[in-house]
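K.L.:
Annotations for this protein, taken from TrEMBL, read as follows:
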REGION    1-30  region 'Disordered'
COMPBIAS  12-21  compositional bias 'Basic and acidic residues'
TRANSMEM  49-70  transmembrane segment
TRANSMEM  76-97  transmembrane segment
TRANSMEM  127-145  transmembrane segment
TRANSMEM  165-183  transmembrane segment
Amino acid sequence: MAPEAKAVAVDATEKTKEVQGGRRLSQSGDSPMAGFVKMLRTPTIWKKAFAEAVGTFALTFAGCGAIVVNRLSDGAITHVGIAIVFGLMLMAMIYAVGHVSGAHLNPAVTISFTAVGRFPLKEVPSYVVAQVGGATAAAALLRAILGLEGELGATVPSGSAAQSLAMEIVLTFFLMFVITAVATDSRAEGTMAGIAIGGTVLLDAMFGG
């Protein structure tokens, strides 16, 4: 074969490979929606969502239940007792489901982790739905068991709206600072994460209600 003909043949072969490679790439590349649908077909995401639902259910049922029982019993549990219930239940759920889902148990935590690049965006919808569903189910069960009375379990600020907002901002900052410090930094990760986060929630609840 002449050199010119050989060069043309080689060039044609390379172009064919490029076209075929492009087709394979386009076929294998998933759009965001396709990636989300594919993720829903895997057992892992359902395990994570179930863990988040159970953890959020337990936290809401125990914490809000303590508030309701405290009101019904004329303050037998006390404000400090309610804070302890929230802190200890969160601590328990972190150790119970943390190895499965990370124990976010709060849409704000999930969104914050996503914002700092420590959680995949495609898993956010399933986590948020599971968390809201778990909390709603816990509230519904509390209503079925204890009945419905006005203001039971409600957070009623005693100061102005601006004071309440400022308090929420500061206390939420403390909580998210601790969570991101012990749960996302490999130098701080370990068995103490549950104690640190649960303790922060306890102190926040005790201080800010």
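The backbone N, Cα and C atoms fix where each Cβ goes, glycine too.
Automatic prediction, not curation, is the source of TrEMBL annotations.
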K.L.:
For the transmembrane segment (49-70), what are the same-chain contacts with Cβ under 8 Å, counting residues 6+ beyond its ends?
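P.N.:
Residues 76-79, 81-82, 85-86, 89-90, 92-93, 96-97, 100-101, 103-106, 126-127, 129-131, 133-135, 137-139, 141-142, 146, 152-153.
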K.L.:
What else in the chain is close to the transmembrane segment (76-97), if you only count residues 6 or more beyond its ends and a Cβ gap under 8 Å?
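P.N.:
51-52, 54-55, 58-59, 62-63, 66-67, 69-70, 103, 105, 193-195, 197-199, 201-203, 205-206, 209.
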